[in-house]
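Worksheet for the structure shown next.
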C-alpha cells in the first residue's frame, strides 16, 4: 500500500486495503445514494462487503429520519441493512442525552424533527418544542415567555419550523433554567443538492442559538468522535481496522482522522480531489485532518476486488 495520503484507490491496491479492515463506515447521501437515487453499484458493494464478513455501518448527520426510516429507504434501493447498523444524528443525540447526560425520564426543549422526537421517546426522554411555535398576543414579552420547568436541555437539529420564537425560547431556557444543557446534532451549514443548488443546514440554526446564548453547544455528529464511539461501544469496532467512507472532507474524513480510522473519499458528492490537495499543501495541522488516505470516483470502483 502507498505510504502517501490522497492516493487513488484502484486496481491491485483495492484488495490489500479491504483486507486490512474488518469494519466499514459509510456516509449516506453523496456516497451510497444521491437524493432518492442509489449510486450505481453501491448496493452490490455494501452487500458483497457483508458477504465477505465485514461489519458495515451507516453514519449520517441527517437528523430528519429515524433508524427505521433509513432502513426502509435502503431496502427499497436494494441495500441489505438493519436498524442496528444505522447511526444517524437523531439516534446518536438520543443516546448521548441518555448515556452521557443521564436524562432518561427527563424532558428537553427540542428544535428538531418528528424523527428526533421519536428517537428521544424510544430511550425514555420526553420533549417539548416540535412543530410550529406561536406566541399569543398577550405573551409578546419576549423575555418572559412560558418555560417548562422540567426542561433539562436544549437540543438543536434540523427544523423546518425554525423561527424567532423558537430561537428566543431556546435562549430563555439556556439563561433562565439553572444547569440547562446545550446539545446540537451537527454543524453542517449547507446541504448540497443536485445541479449546484443548496439549502441551509442545521449548523445555521445551531449557530443562531449559540450566538444568542453566547454559549457553544456540544455536537454529537461528524466530525465529533461521539458518533464513532457510539458504533464502537456497541459493536467492539477496532479503530485500527476500520475504514471511513465519505464525500465530505470536513465531516466524514475529519471524523476518520479524529478517531484513527483509514479514510476513503468518494467523488460522487461534495468534496473534490482538488479540495483535498489544497488541504494537504496548506501546512495547517487542522486541515491535514481533512486529507483522505485514499479516493475513488465512486464506491463502485471497489466492485472488481469484491467480485474476485
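Glycine is no exception: its Cβ is also placed from the backbone N, Cα and C atoms.
Where the annotation comes from TrEMBL, it is an automatic prediction and has not been curated.
The active site, proton donor annotation in TrEMBL covers 27, 29. Taken from TrEMBL, the feature Mg(2+) binding site applies to 27, 29, 247. Taken from TrEMBL, the feature substrate binding site covers 222.
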**OP:** Quick one: among the recorded positions 29, 222, 247, which has the most Cβ atoms sitting within 10 Å of its own Cβ?
**Re:** 222
Subject >> Under 8 Å by Cβ from residue 27 (active site, proton donor), counting only residues of that chain that are 6 or more apart >> reply: 58, 59, 60, 222, 245, 246, 247, 248, 251, 252, 269
Subject >> Beyond the site residues 27, 29, 247: chain residues whose C-beta lies within 8 Å of the centroid, for Mg(2+) >> reply: 28, 30, 31, 32, 60, 246, 248, 252, 266, 269, 270
